[in-house]
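As given in TrEMBL:
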type	residues	note
TRANSMEM	12-32	transmembrane segment
TRANSMEM	340-357	transmembrane segment
TRANSMEM	364-384	transmembrane segment
TRANSMEM	390-415	transmembrane segment
TRANSMEM	435-455	transmembrane segment
TRANSMEM	467-494	transmembrane segment
TRANSMEM	528-549	transmembrane segment
TRANSMEM	859-879	transmembrane segment
TRANSMEM	886-906	transmembrane segment
TRANSMEM	912-930	transmembrane segment
Amino acid sequence: MNISGPFIRRPVMTTLVMIGILLFGIAGYRLLPVSDLPNVDFPTLLVSASLPGASPETMSSSVATPLERQFSTIEGLDSMTSTSALGSTQITLQFKLSRNIDAAAQDVQTAITQATPFLPQDLPQPPTYKKVNPADQPVLYIALTSRTLPLWELHDYADTLMAQRISMTSGVSLVQIYGPQKYAVRVQLNPHALAGKGIGIDTVEDALRNANVNLPTGTLDGTHKAFTILATGQLFKAFDYRSVIVTYRDGSPVRLEELGRIIDSVENDKAAAWYVDKNGSQRAVVLAVQRQPGTNAVEVAGNVKKLLPVFQSHLPPSAEMHILYDRSESILKSIHEVKFTMILTFALVVMTILLFLRNFSATVIPSLALPLSIVGTFAVMYLFNYSMDNLSLVALILAIGFVVDDAIVILENIVRHMEMGEKPFQAALKGSGEISFTILSMTLSLAAVFIPVLFMGGVVGRLFREFAVTICVAILISGFVSLSLTPMLCSRFLRPPSEKKHGRLYMAIENFFNRLLKVYERSLRLALQYRLTTLAASGVILLATGYFFTTIPKGFLPNEDQGQIFAITEAQEGISFDKMVQLQQSVADIVHKDPNVKDFYSSVGSSGAAASPNQGMMFIHLKPRSERRLSSAQVIGELHQKLATIPGIRIFMQDPPEIRIGGRLTKSLYQFTLQSPNIEELYHYAPILEAEMQNLPILQDVTSDLQIKSPQINVVIHRDKASTLGVTARQIESALYSAYGNRWVSTIYAPNDQYKVIMELEPQYQINQDTLHMLYINSLNGLPIPLYAVATLTENLGPQTINHLGQFPAVTISFNLKPGISLSEAVTGVNELARKTLPPAINTSFQGTAQEFQSSMQGLGVLLFLAILVIYIVLGILYESFIHPITILSGLPSAGLGALMTLLLFHLDLDVYGFVGLVMLIGIVKKNAIMQIDFALETQRKEGTNPLEAIYQGCLTRFRPIMMTTMAALMGALR
């Protein structure tokens with residue numbers, strides 16, 4: 001049956017069908033959202049809890065553990081990690097890809113409620129959660145600076161005006177403020193003044209709580225009027241607190257200003273951020289806008305940027321707003337480049353067809369299949385809720401080389417009939433009829449290549465599912481267009497070859513093709529003459545292909561130059577805030593001088609990803625690639641050398657990957673986690689393994705999150721003596737918290753926000769442990785008791801952070817790869833080192849990207865086998881033969897060996913993209929073989945020739961269309 005017959009005979013119907021495909025495709029194109037990659041976000045929630053002043057051990061045991069116990073029962077939980085630091089705990093819950101994030105959020109809230117009875121009663125507020133992956137790259141960084149405004153006023157604009165409004169924007173999950181400078185009143189007490197007047201610090205706390213109140217005061221409801229009663233219980237500024245009476249001594253009032261200083265300050269005076277550009281460095285408040293997992297980064301950034309003019313109009317003239325980084329810009333630029341590549345590929349393919357056919361009208365006809373197939377695919381992409389991203393567009397670019405193949409094959413066969421003297425209409429009917437089954441076989445078997453990709457699991461499967469469906473749809477539409485529009489146009493517009501004399505270029509190309517055909521003919525005769533030798537060589541090639549496939553260095557997803565560098569700085573544990581600022585500024589000075597850097601922000605203190613007091617963070621925005629001589633990876637290498645000269649601080653830089661897998665942001669890209677219920681054994685062996693990994697020549701930037709050498713002062717309470725003097729352990733710890741814990745003792749309720757009143761000792765008395773002896777606690781009978789009377793002090797080292805994986809203590813060692821080293825080499829080397837170094841009781845596992853690499857690599861060989869098996873089944877069904885599919889697929893080892901040798905030659909890893917290339921190679925080889933074998937079978941049936949002669953004729957007859965389709969596919973892949 002001639003599938004093309006009805007379309008040839010009914011040109012109006014064919015034309016209208018094509019117009020319909022075109023219109024629906026254009027509509028789909030206009031409606032498609034734009035993204036960098038398909039949605040592969042794990043549903044992730046971040047749970048946060050704070051208890052200011054609490055040690056990491058306290059936060060871990062009393063906050064993290066009860067919450068983790070409840071979270072572990074939630075359905076679909078894939079991983080749970082927690083970090084407990086001074087005064088804070090963060091738990092990251094990552095769920096399976098199939099879990100709905102809203103349903104997971106409800107389960108998390110239920111678990112928090114169930115854990116509440118087991119949490120400390122003095123938590124300032126219950127634990128909260130956000131739908132955000134803390135390791136994900138923010139979509140926008142916005143910096144606010146001013147040379148005249150106080151930083152707390154700048155923070156008010158950032159927090160009240162901007163952050164709250166941005167948080168309500170669709171798709172935004174969290175607006176993180178780096179270098180927060182929220183206003184607070186600080187009451188800084190002098191321990192000498194307290195001791196001189198015999199006043200306990202808890203007495204001051206009670207006085208402050210009672211002096212600043214905001215309670216309901218009721219109403220008066222008279223016969224004719226009603227009154228609201230208002231009392232001036234609120235104190236709003238530091239000046240107002242100075243005259244507060246704390247207590248009485250000898251009948252005279254002791255006012256707060258007699259006991260220390262009361263100043264207008266900020267909530268967190270151990271955090272700071274700077275914005276640095278060509279004009280220099282300024283203190284700044286930086287907003288980082290993070291999207292919810294599963295939302296579109298371009299849409300979220302676009303929605304936020306619409307608000308910026310409104311924010312700018314409300315800012316005072318002295319405040320400046322800088323967009324430090326806009327993730328949507330790089331995405332849109334990348335999409336624009338890929339679109340340009342698509343147009344360029346289209347032009348290259350058309351030029352290739354013209355080069356082979358040397359006939360304008362014959363070139364136009366198959367070229368029309370290209371836009372129809374590509375544009376028609378946009379409609380299906382929209383129906384499937386896909387996005388216009390780099391992978392889907394790459395699929396269409398690669399499809400360009402394939403979709404024109406079917407039209408070329410039909411056109412070439414119709415032209416062959418016309419050269420035999422047939423009229424265009426009859427040639428179209430006969431030529432398309434002869435080749436219809438071939439086109440059907442090629443189209444269905446090529447689409448079948450990608451069926452196994454649809455069943456890939458994990459991130460890689462989700463990532464390439466859209467790729468596979470897109471290219472399959474383009475191929476199927478191409479097959480339909482080739483069987484309908486192409487023969488119809490040939491029957492109407494193709495003209496028989498003329499006898500006129502051709503030009504020199506035409507004859508030169510013709511002579512080249514003829515010579516090429518003769519060379520091929522000679523090699524074909526040799527191959528057919530020495531069939532056993534050819535078969536033996538094929539066997540050797542098959543073995544070589546298997547060997548190289550198993551031994552070639554393998555990678556995951558290649559990093560691209562996105563014009564940004566993320567850096568974490570780390571100094572020794574126990575470093576003071578002032579010294580950390582000094583070191584951070586030294587790093588910033590060197591980065592600022594680099595000619596490749598456009599601008600950046602720098603921050604230190606307990607905010608953002610670098611939550612430890614000995615860590616800082618930088619986000620470096622590079623100049624556009626055309627304006628700098630080095631790639632981002634080269635800039636990192638150059639900065640590493642310059643920054644290594646700064647003593648006392650280490651700098652870890654990474655080019656943020658397009659896909660951040662996992663919920664933990666580490667100092668280096670790849671993560672290897674040790675886990676054991678025996679915390680002493682874990683903390684003993686983790687530094688040993690870290691040191692061994694630092695000696696591995698294939699790794700660099702090896703570091704861990706183990707921080708257990710933070711200086712600590714232990715207050716050993718003498719309970720019997722304290723009880724005799726009327727002092728409880730709770731009173732002692734409360735007094736210590738009030739003196740050194742930035743205690744939140746009262747709240748100022750302003751019209752637009754609430755501000756804290758914080759109590760502490762004066763800064764000069766927070767330097768060493770000597771001031772602890774000056775601390776007094778009121779006994780039960782009202783007498784002030786010095787701390788040294790009921791406790792002794794010892795100095796030792798303790799943890800700065802405590803990390804859990806699941807519910808058990810864990811240490812994560814992170815690392816980067818040295819240039820030229822594959823991830824497979826690193827994974828093998830680290831696993832071997834861990835087996836030699838660690839006892840069996842310590843469990844190890846890769847996390848994040850390295851873990852996903854392991855799981856994806858394990859299934860690549862099976863997936864490749866399944867792709868070949870599916871094609872074999874499809875071809876077997878189409879040809880009703882067990883042998884012909886094997887014949888068609890016999891060229892795969894040679895093609896595979898060529899691909900693997902090319903990767904080795906150019907020192908490239910076999911990564912996920914390379915694997916997809918191998919899958920596509922199966923399709924190319926199979927299409928070529930189908931054209932040859934299908935012609936041979938047809939010749940054998942019609943003319944009764946023997947198989948050897950039939951395949952010989954088939955190879956020679958199909959040589960030109962095979963060369964055309966191969967070159968078209970090659971042009972489609974060059975980008």
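Sequential numbering from 1, following the chain as shown.
Backbone N, Cα and C define each Cβ position, glycine as well.
A TrEMBL annotation is a machine prediction, not a hand-curated record.
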With the cut-off at Cβ under 8 Å and a gap of six or more residues from its ends, the chain residues touching the transmembrane segment (435-455) are 1-4, 402, 405-406, 409-410, 413, 461, 464-465, 467-469, 471-472, 475-476, 478-479, 482-483, 863, 866-867, 870-871, 873-875, 878-879, 916, 919-920, 922-923, 926-927, 930-931, 934-935
(Q) Between the transmembrane segment (912-930) and the transmembrane segment (859-879), are there three or more CB pairs that fall under 8 A, provided the residues in each pair are separated by 6 or more in sequence? (A) yes
Outside the transmembrane segment (340-357), at least 6 residues beyond either end, the same-chain residues with a Cβ under 8 Å of its Cβ set are 363, 366-367, 370-371, 374, 393, 396-397, 400-401, 404, 408, 411, 415, 509, 513, 960, 963-964, 967-968, 971-972, 974-975
**Asked** Does the transmembrane segment (467-494) reach the transmembrane segment (528-549), going by 3 or more CB pairs under 8 Å (6 or more apart in sequence)?
**Response** no
Other same-chain positions with a Cβ less than 8 Å from the transmembrane segment (12-32) and lying at least 6 residues past its termini are 6, 371-372, 374-383, 386-388, 477, 481, 484-485, 488
Per the Cβ filter (under 8 Å) with a sequence gap of at least 6 from its ends, the transmembrane segment (912-930) is approached by 398, 402, 405, 438, 441-442, 445-446, 449-450, 453, 460, 463-464, 467, 556-558, 856, 860, 863-864, 867-868, 871, 875, 887-892, 895-896, 899, 903, 962, 965-966, 969, 973
